[in-house]
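Novice: Quick one: structure below, then a few questions.
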Amino acid sequence: MANDRLQACPEQSSSSVSSRCFDNHGIRGSPTSTVIGPSKHRHSTLGDPNFVENYFKNSRLHFIGTWRNRYRNRFPSLSNGFTKSHSNVSAGTQKTPIIHIDMDCFFVSVVIRSHPELNDKPVAVCHSDNPKGTAEISSANYPARDYGIKAGMFVRDAKSLCPQLVILPYNFESYEEVADQFYNILHKHCNRVQAVSCDEAFLDVTDLEGKDPQLLASAVRKEISEATGCTASAGIAENMLMARLATRTAKPNGQCYIHPERVDEYLDQLPIKVLPGIGHGLAEKLKNKNVRTCGELRLISKDSLQKYFGIKTGEMLWNYSRGMDNRLVGMIQESKSVGAEVNWGVRFRDLQHAQHFLLDLCKEVSLRLQGCGVQGRTFTLKIKKRRKDAGEPAKFMGCGDCENLSHSTTVPLATDDIEVLQRISKQLFGSFHIDVKDIRGVGLQVSRLESADTSRQAPERNSLKSWLMSASASSKQQFDINRIAKECVDSEGKSVGGNSGVLRIASVENSVHETNNAPNGEGGSNQSSSVPPLCHLDMGVVENLPSELLSELNEIYDGKLVELITKRKVQGDKSTGSACFFPPEPAQVAVEEAERSRNSASVSLRRTALEMKGTQHILEELRMVPDSEARPDSVAISTAGLENNDLVPSSLSQVDTSVLQQLPEELRADIFEALPAHRMPEGTALGPRTDNMHPPLGIKTATDNQPGSTDSGLSNNLWIGDPPLWVDKFKVSKLSTLNFFVDMYYKANSAESLSSILQCIIAESLHPLNARCDAWNEAIHSFSELLMNYIKLKIVVDIEEIYVCFRLLRRLSTKSQFFLEVYNLVFPHLQASVDENYSGTLHIPPIK
DNA sequence: ATCCTCCCCTAC
DNA sequence: TAAGGTAGGGGAGGAT
Ligand SMILES: Nc1ccn([C@H]2C[C@H](O)[C@@H](COP(=O)(O)OP(=O)(O)OP(=O)(O)O)O2)c(=O)n1
Ligand SMILES: [Mg+2]
Ligand SMILES: [Mg+2]
């Protein structure tokens, strides 16, 4: 099982160590590369078109942060065996001897080997030797530490403490090699090794059989030193905490055993800051309570510690201050998240620039997911935003004092696809509404991971990608709204053209970013050829697009779109404002009314209304934007790309609409969803707009492989025909339950989508299905078969439809025993089918 | 109670 | 000039 990871290790993502070569041969002739600024910011995002890759290549923190994943791939068998070391669960007092071992001043030791003459001189590893510089010391040897030099210090401070300090450059390849030697030796001597970092591990030496742990420690240290030319120190104690502390005492090049009976004595005067887990924050808080040493900490009751610091933290403090630690030495466990972030050198010129950077980050994360053999469902975008009062940071190109913001979204099916990541990230990014000039750091994290065990992903023809790309796959959303809106639009027959037109444009724009080879100085000049003139757009629809989409679109039209909307608002007033989303049109009152009873359509409306009341609040926020910046043009740079020109309301109706466009994220998600966005009209046998989304990418559309592939084994499908076979079959059935479905079919206007029919069933206030009538089991069987036929028919072409149906079914199952049994019966079949076609699990969220 | 999102803290 | 990443633990507070 663990070997699954072996094959799932394609090319590595950017790394200081891996030999991966990204071909940068100027593929991306983005504007950034042509406008090489006045070399001032050669190493910021300004001026380096390949910033992300170069940055990670040189980052020490990236190196140590990603080391664990490399270790996983190098020793797959050790990643996930039986989890914990052994069964000894006696809390608190274990008799298990533990060794903690850690290389001495690792980065220095490794590179100093080629400079033996420096051995007792103060030496540090750092990118820069500039005595006025703000480069950070990565590691300092022990002579250097005598001067007070520490890791993390600016080189200028280190130099001022010790002017003769010798600076050596990094050598990440060597660090990796030595780390490998280190772990090979550890594994040779002990089968219970918990890797902490590239230079540090715990050994559980319970099964030593008479041998002295201290002798083992010195043997291991000796071997390491001889093999690598670098020294290690070791701590030996009865638990991990004390072993870790013993190592600290042992350094450098020594070892230390702490006898259980001497633990109290050892801890009594020890500053609490030294305990692993107590960092700056906790130490400060404790200092305010007059606690500086472990002895003082012990005087506080567990209750008050837990009240003040929380259950777990309080307990940890109480235990650690007594030298108690019940953790067990364990294997590396499967990772729970994968991410990448950059908080140095981030200075964006404009929205395009920021988005280009985001695309690179997504590429990085996608590669890392693949490197780990996992896919994820929730995506978190982190932004560091310059704090209002903060000026230029002390550290060159640093992020300085920032607010840390994060937004996340969850999709129903795990993915590692770069384009999906990019689409999702872009949407998340839009939801921050931040002036890109205030951005000092960006990170993307993926969690809710699932193993991507089936190495070959689903065939390209399936509809997964376009669905996840469509942004309507965000899990908080209710898909029936989507349907209602769709039916509404369809039945009116108007604005359908306008709608899909809009969507197509947005999609084209999307792909333009990815294939923008031709350097087209700034604007969207080359796009205009493929984009309909402004006057052809259905403004009613445009106006009500979610702001991210609107801003994308606005870019294409050079900001004219927003101008136009603004003008319309001034004269036209609110009538278009809300009429378009949930119009109480007569045509679909039936459906809508049914939905309104308990579905989120009404919830959304309610929320919208609520939010409107909070207008004041939002307006205040908006008003601050112009204040916080000196420049008039900065407005156009904000991520939302929305015009804030007319922030100061001149009338109430105007307030309403501007609020609508600045709606909070989740609300806009609802609105977004209300648009029939990415779905093609029913009946088109097309794989949903894959072709529209990415014309230049050459993704095969379902039309390309029409008759052959889709047709396989569907000849007897109950959904073939007009009306579908099942209609006639059920019509003549003696089972009233089946007759009922036929009624619903016609009530849904002979819709060929099951979801429409299920909608109608939900709308039916009385379910005859509750009564255990005639041949109950036979009815269940027949309907289940119908359902499975439907899955077979749609699973490849339109997985979203399947998803929608199962959400509806799940809802029905709470009210009807019939549907509950059907749901439970067919659900395993659904998952098997999803796994076969998409190698994953489709997550059907619980009903709200 | 348990989950989820948005944080902060910690270690290397 | 300089490369302030990464992942897990956990708390607060809200939704279910
Ligand atoms: N703030 C930090 C901490 C660590 N490291 C890198 C350099 C270190 O050499 C390596 C290992 O970290 P240690 O905490 O083990 O520190 P050293 O090995 O350098 O010194 P010690 O002898 O205290 O273990 O990680 C870093 O770049 N920046
Ligand atoms: Mg070390
Ligand atoms: Mg270490």
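Indices start at 1 and increase along the chain as displayed.
Here the Cβ of each residue, glycine as well, is placed from N, Cα and C on the backbone.
These figures come from a predicted structure and were not determined experimentally.
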Novice: TrEMBL has A:Asp199, A:Glu200 down as binding Mg(2+); which of A:Asp102, A:Asp104, A:Asp120 does it also list for that site?
Specialist: A:Asp102
Novice: Pick from A:1-23, A:461-483, A:553-575, A:599-621: which stretch is listed in TrEMBL under region 'Disordered'?
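Specialist: Spelled out, TrEMBL records region 'Disordered' over residues A:1-23, not the other listed ranges.
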Novice: If the Mg(2+) site is taken as the center of the Cβ atoms of A:Asp102, A:Asp199, A:Glu200, which further residues of that chain fall within 8 Å of it by their Cβ?
Specialist: A:Ile101, A:Met103, A:Phe106, A:Val196, A:Ser197, A:Cys198, A:Ala201, A:Ala232
Novice: Here the binding-site residues are A:Asp102, A:Asp199, A:Glu200; which one has the lowest number of other Cβ atoms no more than 10 Å from its Cβ?
Specialist: A:Glu200
Novice: Would you report the average pLDDT that the model assigns to the domain 'UmuC' (A:98-279)?
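Specialist: Here the mean pLDDT over the domain 'UmuC' (A:98-279) amounts to 97.
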